[in-house]
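Student: Swiss-Prot lists His63, Asp107, Ser201 with the feature active site, charge relay system, giving similarity to another entry as the kind of evidence. The disulfide bond annotation in Swiss-Prot covers Cys48-Cys64, Cys141-Cys207, Cys172-Cys186. Residues or ranges marked as domain 'Peptidase S1' by Swiss-Prot: 20-243. For 1-17, the entry in Swiss-Prot reads signal peptide.
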Amino acid sequence: MVLFLLLVALLSPAGEAGKIIGGHEAKPHSRPYMAFLQIKISGKSYRCGGFLVHEDFVLTAAHCLGSSISVTLGAHNIVDRERTQQVIQVRRAIPHPHYNDKTLANDIMLLQLTRKAEMSDAVSPINLPRSLEKVKPGMMCSVAGWGQLGVNMPSADKLQEVNLEVQSEEECIARFKNYIPITQICAGDSTKRKNSFSGDSGGPLVCNGVAQGIVSYGKDDGTTPDVYTRISSFLSWIQRTMRRY
């Protein structure tokens, strides 16, 4: 089974990206940190997720890099012009310097916005973990996005969310040859048809109100568990990069 970047359908026409598998529609604006990314690559449009971590920085996956990126904050229905929405262009995309597009190691990227987002009930940053904070197997977390409901399914207009259980490292070590426990998180119960999928790339894995992971990759059949970039392993890089710019 080939690995499936949770943006691969993203890197085909945007209409092929869809929504969360086995989840439900989120309460509008209950996740004010969520960002919808419209990406341009070779003249075509693709999509990813992301999340606001500072008034002018969004965190996402490095494999969501494109020639230009537009960020929509404060959205629930991405096809409507909701009064809460703020559309901001990206001034600078900064993928991790050791990102490997073959193994997806260090799949993390900061996006500096061209202007500061205006804080509101629908737009506010999410907390990042403490440096020594670690998620443990059995912990319940959640992921949200405008990604895919299933293989070859249409895209979601409204934000979807799903609860996921953190799995043991052994689950993903056995499932993915390039899984790295120090910098990645394994999440999604293999007995349940619930997970993030194509189009959800770059969105946050949220545990107890804290962004602990970033949607990275999984299998192309939509089965679980999937792999998430472990944010706590990159805190010094995140802080150093935001200070630099």
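For all residues, glycine too, the Cβ spot is worked out from N, Cα and C.
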Student: Of Cys48, His63, Cys64, Cys141, Cys172, which recorded positions are close to Ser201 (active site, charge relay system), meaning a Cα within 10 Å of its Cα?
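Tutor: Within 10 Å of Ser201 (active site, charge relay system): Cys48, His63, Cys64.
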Student: Enter the number of other CB atoms within 10 angstroms of the CB of Cys48 (disulfide bond).
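Tutor: Within a 10 Å radius of the Cβ of Cys48 (disulfide bond) lie 32 other Cβ atoms.
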Student: Determine, from DSSP, whether Cys64 (disulfide bond) sits in helix, strand or coil.
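Tutor: DSSP assigns Cys64 (disulfide bond) to helix.
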Student: Between Cys64 (disulfide bond) and Asp107 (active site, charge relay system), find the distance joining the two CA atoms and give it rounded to the nearest Å.
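Tutor: Checking the Cα atoms of Cys64 (disulfide bond) and Asp107 (active site, charge relay system) gives a distance of 9 Å.
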Student: Can you check which residues sit near Asp107 (active site, charge relay system), meaning Cβ under 8 Å from its Cβ, same chain, 6 or more apart in sequence, and list them in order?
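Tutor: Looking at Cβ-Cβ distances below 8 Å from Asp107 (active site, charge relay system), excluding near sequence neighbours, one finds Ala61, Ala62, His63, His96, Tyr99, Ile214, Ser216, Tyr217, Thr229.
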Student: Check the domain 'Peptidase S1' (20-243) for me and report the mean pLDDT.
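Tutor: The predicted confidence over the domain 'Peptidase S1' (20-243), as a mean pLDDT, is 92.
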